[in-house]
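S.K.: Got a structure here, written out as structure tokens. Questions coming.
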């Protein structure tokens with residue numbers, strides 16, 4: 001009887017747990033039907049994906065140089081003993097110097113390979129995202145990132161590490177672009193869009209700055225594989241959450257998506273080109289200093305390993321502060337987004353020029369914090385502007401425009417590990433920083449071109465004709481009566497109203513001067 005009673009209790013307990021799981025599933029389903037809850041869950045998924053991508057980008061900084069040095073020393077010792085058993089110590093020293101130079105080149109190429117492949121793939125991934133929607137490319141990106149992280153964990157030679165790093169660039173081209181595009185599509189009001197993109201930028205900053213100490217500590221005490229296994233596990237959880245919540249393969253909303261503007265047309269849009277150039281220029285100091293500042297600190301300040309490892313960690317707080325301030329200012333004065341970006345570039349330029357003047361670790365923290373604060377201003381002000389420009393000048397599909405943004409970042413980070421070292425070697429660290437600072441200050445006035453962006457009128461894209469339910473895009477919220485009243489303003493191509501080179505609605509001007517239509 002006791003056995004039967006125990007079985008009954010186990011069965012009853014299992015039934016209760018299944019019932020609780022069913023209730024939670026129903027609650028999740030009801031949450032996904034609520035637009036506000038749906039947006040929050042999507043934001044969490046995208047932010048985790050961006051966090052992972054940037055942690056994977058930076059976690060190898062303290063791991064790979066030491067790991068490759070060990071591999072190189074083992075291989076060189078073996079070859080040396082086999083081929084030259086009686087070689088003198090002087091020749092051994094020369095060989096060590098040659099090996100060190102080769103190792104530096106290998107590390108630079110390995111670090112840059114991710115951004116280079118991301119740069120090459122982004123034009124294709126942006127077009128692909130515009131065609132199929134945002135959820136499937138995000139899943140593809142997470143899958144590729146999971147595979148590349150697993151390869152990193154178990155790689156035992158340079159070639160395998162290079163493949164893993166390149167694969168990460170492929171995954172980033174899909175995950176980053178679709179993530180930003182999904183946020184821009186779901187958050188349709190300018191204030192909440194800026195806030196959501198600001199939160200995602202804070203996750204990017206946190207991932208980039210916390211990854212080196214995270215990787216260094218786990219590598220020191222648990223070995224090379226553990227940090228990558230931890231990140232692969234988080235990536236897997238995020239992918240499962242995406243499959244469970246968004247259900248990309250059962251989502252039919254992409255069938256009603258309009259045809260996005262081709263990426264080459266967006267690239268030649270002068271307003272988008274100015275924004276893309278600003279994103280590249282603003283991120284060059286960070287991309288160029290990351291591979292060079294440690295050696296400079298060791299040479300000029302005789303810094304310890306922990307100081308070099310924690311160089312960028314204090315900069316996380318001004319970056320988050322910059323994001324917060326820009327979001328608040330943009331909500332009050334959205335027409336000054338261009339000014340916040342220009343101010344950020346001036347701060348970046350001034351901070352870059354003061355880096356070489358620092359003599360101690362404490363002094364160096366201030367200009368590095370200034371660089372990250374300025375980058376926060378530029379990114380937070382200009383990323384929402386890209387979506388706004390697509391809304392008012394093109395079709396409200398965001399894959400290609402955020403592929404352009406990703407290309408802008410990739411240009412900086414592809415050049416950094418390779419070009420920065422050569423500039424320091426040939427011209428010097430001081431000249432590198434003065435050049436980066438001068439470029440940012442001189443580029444800032446170009447953002448004046450964006451000062452009238454807020455006066456632009458929305459383009460009425462194909463999406464207006466395809467809406468079968470409540471409007472969702474930034475300008476789909478315009479009353480359908482207004483859309484119908486302006487139907488006669490559509491061009492013969494059916495894509496948008498005619499907009500002059502400054503982005504103003506010529507139809508409205510004609511309507512005010514010409515006869516009134518009913």
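Each Cβ is built from the backbone N, Cα and C atoms, and glycine gets one as well.
Heads up, TrEMBL stuff is auto-annotated, nobody curated it.
Quick paste from TrEMBL:
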type     : residues : note
TRANSMEM : 41-64    : transmembrane segment
DOMAIN   : 42-518   : domain 'Major facilitator superfamily (MFS) profile'
TRANSMEM : 136-155  : transmembrane segment
TRANSMEM : 196-214  : transmembrane segment
TRANSMEM : 226-246  : transmembrane segment
TRANSMEM : 266-289  : transmembrane segment
TRANSMEM : 309-327  : transmembrane segment
TRANSMEM : 339-358  : transmembrane segment
TRANSMEM : 364-389  : transmembrane segment
TRANSMEM : 401-424  : transmembrane segment
TRANSMEM : 430-450  : transmembrane segment
S.K.: Residues of the same chain, at least six outside the transmembrane segment (136-155), with any C-beta under 8 angstroms of its C-beta?
M.R.: 45-46, 49, 52-53, 56, 60, 125, 128-129, 161, 163-165, 167-168, 170-179, 182, 224-225, 228-229, 231-232, 235-236, 238-239, 242-243, 248-249, 399
S.K.: Counting Cβ pairs under 8 Å that sit 6 or more residues apart, are there three or more between the transmembrane segment (430-450) and the transmembrane segment (196-214)?
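M.R.: Judged by the Cβ rule, the two regions do not touch, with the required three close pairs absent.
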S.K.: For the transmembrane segment (309-327), which partner among 41-64, 196-214, 266-289, 339-358, 364-389 gives the most CB pairs under 8 Å?
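M.R.: Going through each listed stretch, the top one turns out to be 364-389.
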S.K.: Take the transmembrane segment (41-64) and find every residue of the same chain, 6 or more past its ends, with a Cβ under 8 Å from one of its Cβ atoms.
M.R.: 31-32, 107, 110-111, 114, 138, 141-142, 145, 148-149, 152, 161, 165, 168, 171-172, 175-176, 179-180, 182-183, 186, 196, 199-200, 203-216, 219, 224, 227-228, 231, 234-235, 238, 241-242, 245-246, 290, 309
S.K.: At a C-beta cut-off of under 8 Å, are there same-chain residues at least 6 beyond the transmembrane segment (364-389) that contact it? List them, or none.
M.R.: 180, 184, 190, 193-194, 197-198, 201, 205, 269, 271-272, 275, 278-279, 282-283, 285-286, 289, 297, 301, 311-312, 314-323, 325-327, 330, 337-338, 340-341, 343-348, 350-352, 354-355, 358, 398, 401-402, 404-405, 440, 450, 453, 474
S.K.: I'm a bit unsure how to read this: which one of 196-214, 266-289, 401-424 has the highest number of Cβ pairs shorter than 8 Å with the transmembrane segment (339-358)?
M.R.: 266-289
S.K.: Could you give the mean pLDDT over the domain 'Major facilitator superfamily (MFS) profile' (42-518), rounded to a whole number?
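M.R.: Mean model confidence (pLDDT) across the domain 'Major facilitator superfamily (MFS) profile' (42-518) is 79.
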S.K.: Using Cβ atoms and a strict cutoff of less than 8 Å, what residues sit near the transmembrane segment (401-424) while being 6 or more residues removed from its termini?
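M.R.: Distal contacts: 104, 107-109, 111-112, 114-116, 118-119, 122-123, 125-127, 129, 172-173, 176-177, 180-181, 184, 263, 266-267, 272, 275-277, 279-280, 283-284, 286-292, 295-296, 383, 386-387, 389-390, 394, 431-432, 435.
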